[in-house]
Structure formats: structure tokens, C-alpha cells
Amino acid sequence: MRLIGLALGLLLGALAQAGEAPGEALYRQHCQACHGAGRLGGSGPTLLPESLSRLKPAQAREVILHGRPATQMAGFAGQLDDAAADALVAYLYQAPPREPQWSAEDIRASQVQPHPLATLPSRPRFEADPLNLFVVVESGDHHVTILDGDRFEPIARFPSRYALHGGPKFSPDGRLVYFASRDGWVTLYDLYNLKVVAEVRAGLNTRNLAVSDDGRWVLVGNYLPGNLVLLDARDLSLVQVIPAADAQGQASRVSAVYTAPPRHSFVVALKDVHELWELPYANGKPVAPKRLAVADYLDDFSFSPDYRYLLGSSRQARGGEVIELDSGARVASIPLSGMPHLGSGIYWKRDGRWVFATPNISRGVISVIDLQNWKPLKEIVTDGPGFFMRSHADSPYAWTDTFLGKKHDEILLIDKQTLEIAHRLRPSPGKVAGHVEFTRDGRYALLSVWDRDGALVVYDAHSLEEVKRLPMNKPSGKYNVGNKIGYAEGTSH
């Protein structure tokens, strides 16, 4: 460590003589690959003062040195001494010379349509069930594979934008799939013709997108600029930019955007203000949000099966709050320890009652909640913090991982009635395993080995025998068309 300190001291001195800010050089060396040039974000989030408003400098220093749960952010304590960490923190909280801008004009100018939808045939060009296709995101080399879910054979593979968000969304008929990249690009892909229809850059640092249940609108939530961007779902042309700010005008980033199909609305969590938005679209463009006050910032949320209630939580690990969406009333507070990942939670019926289970990204537990009284039923102890959870209506098990723990090569199968761990799978010992998705009929479960020399592993969902293994480059997620457009029990929405 003394040698590291000496080397960094010499480096910082040389940079000071050259007139370059030490923190800027350290950022380029250690941070830029993930967080982007100019701190505008890449596979990691934007690192500008406004995006760090909820993080105190001392907390940022702790993250730099020791990493952050639930992310790919590793600590740099072995590479940076105290002076270097302080210099880097000072740089991150310093405003850039020019405020980053991405206007409506920039969005419109970025739109391209290589294969307009009206010019493409309306029937699939392949012999496979279009509702049992899987869209597989391979983050290792930024590609997407379209997989036949009956034969488990690739139909197509194409390059994607850099650092896709893991959850693509689909048109109601399953023909079109919409991708969002962390650097703001939205891609519209025709699964019938295996072609990119259109692309547009909706922002500089994007969280995710949602598609309306009538197939008319795409809503994109951005960290930078802090706004919502409404697009026409047919060609990604810009409809409207909606600034994210509370009723008092306090600006915010957008945490998440989801569709609530029975409500015919989008629901939006705001990261920096105590508001939740609902934007109805049944009678026109969803541009006028209904503002619901919330007790805490919402970083993550999930719906009840009937979409009447929303269960939300903050990264500050203060438990969960339940919001009744019609009235905006807070109907319950749930004591959830650690950092539950509600967006990956799933629900099922147990003894005739709906229950909700969520993994936890800071503790090795699965929290199970009774959705009739909002009381915790059980904390299932696992071998480490996890990220994903999946099931199927015809599966007796909830499949989850210990993605962020020491036993990150394990997949746990939890009996949905006894709430006990029934089986453990290790598809590739020593390599990270995570993210399960079922075929449309629930017969097979596909899981990812998250490695550049990784694989998509197909299991018989009942016998738990391995059926097939397809080599892939870090398949971070796979999404079954039929399950997604049907908002199937056991999958993410």
C-alpha cells in the first residue's frame, strides 16, 4: 500500500504541474470505461452532481473504495489511497464546464428507420412458434440472439447498442420488441422479419422503457436529462418530452417506468422527489401525470396481481410501502430488511391466497409477503444476496439465485407451498448463474451462466435434468414472448 501511495503521489504531482485536475485523470483511468466520457453514463450510471444529490461525498468515497451492493461496482481500495479517493470524489461533485443537453430537436435528429414497418411482410419468415421465441441479451459482446423456444436453436443473432438494459418490452401481438440502452438509444426490432425497424436516441442516460398495452406508445425514463420521452410505437418518432419534476418544480431523475395493463396507464417512480406518477392513455396521449405523494423515494417497485396496489422501496433500506393507486393512499408499511429487489419479485397462490416473494440484494434472504394483509410470512435464508426470481404457473418452484454472494454459481429452487429450499442447481461450478425464464408452456426453464465463456442452459422444469447447453457470450437475460405479452404469473413485468 505504501508503494501504491508513493506512485499515486508522484502521479498527482505530475498532473498538477501539467495543469490537469488529478480527479479527472483518475476518473479516466478507473471509471470512464463503465461511466462514460464526460461522466455521462454507460454501463454504469451518470456521475454528475445532480445525479449524486442523494449521495453524500463521504458515502461516495465509501463506494469508490469498497464497492456497492446490487451493482457491478467493485471497490478500488487496493488501487487508490486516501488522497486519490478524495481527489476523485471532489471531481465527481464538480459541475462540468458545459451542462449536458439533449433536446427534443436532438431526439428528432437522431431517429433512423432502416426498415419502415409498412414495407415489411406481416407474417413470420421462419418456421417456429412466434409466441415461444426467446429474446436473449448477450452483454459480453453486445449482441441479441433470437431463439426458437421449441427446438432451442438460434434463428438470428444481431449486434445491439452498447449496454442494453436487461428488460426489453414487446408489442401486444408479440411481433415487435423494444430495447433501451444505458446511453439512451431505443431500438425497435421486428421479430417476424428479423430486422431493425427504427432507432432513436431518447436521452443521454436511460433507465428503462415501457410499452402501452394498446401498442400505441413507448415511454422512456431517463436519468439524464431527468425526463420522460413519449414515442410513437410504430416508428419511434418523438411525441412529447415530459420533464420529471414534482409539484414544486424540484427536478428528478426517473427510477423506473412500467405499464399497468388493466389500468391502461404507465406508472413512473421518481428517484429524487417524494412523488409517484400515473399517466393514463386510454383517452389520449399519456402526458398529464396524476401525482401521488409517497413517504420515501422509490427506487424499485412491483404491482399486486390486480394492479390495484403498488409495493415500493428505497435503496436506503427502510422497508416497503404499499400505495393504493386509485386513491394514492398509503395502506401499509412492510418491515423488509436489507435491500429487497422488488422489481424482480414474483407472486403466486399459496393455500388460496396470493403471496409475493422478493430477492434481496444486500442480504441472503427471500422475503415472502401475504398480499391480503401485507404481513411478512417468512424470510427464507439463502446462501447469499440474490438478484433474480422466476417461476411459472405450472411450476411447483420459485427459482432464484445467489448472484451477489460467495456461492454465486448456485440456483435455488424454493417450494412455493412449503416455502423451503427444495433443490440446488450448479450449472457451471465457479461461474455466476442467474436469470431464469420458462418456455411458454412451463415445460422447460432456461438459465444463464454469466460469463464471456458462458452458456444458456436448458433444464426440464419438472425432472430438473439438463436438456441442452448453448454457448453464449454472457447471456445476461432471456425473455419469452408469450410469457411477456401475457404478463404471465412468475415472470417480470
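Here the Cβ of each residue, glycine as well, is placed from N, Cα and C on the backbone.
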- Co-listed heme c-binding residue [Swiss-Prot; alongside CYS31, CYS34, HIS35, ARG68, MET73] among ARG161, ARG175, ARG182, ARG201: ARG182
- Task: Please list residues from the chain of HIS165 (heme d1 binding site) whose Cβ is under 8 angstroms from its Cβ, counting only those at least six apart in sequence.
- Result: PHE179, ALA180, SER181, ARG182, THR206, ARG207, ASN208, LEU209
- Message: According to DSSP, collapsed to three classes, what secondary structure does HIS435 (heme d1 binding site) have?
- Response: strand
- Query: About how far apart, in whole Å, are the alpha carbons (Cα) of HIS341 (heme d1 binding site) and ARG68 (heme c binding site)?
  - Reply: 14
- Task: Find, for the listed binding-site residues HIS35, ARG68, HIS341, HIS435, the residue with the lowest Cβ contact count at a 10 Å cut-off, counting only other Cβ atoms.
- Result: ARG68
- Message: Using DSSP and collapsing to three states, where does HIS35 (heme c binding site) fall: helix, strand or coil?
- Response: helix
- Task: Would you mind pulling the DSSP three-state label for ARG207 (heme d1 binding site)?
- Result: strand
- Note on the structure: Top of the binding-site residues CYS31, CYS34, MET73 by count of other CB atoms within 10 A is CYS31
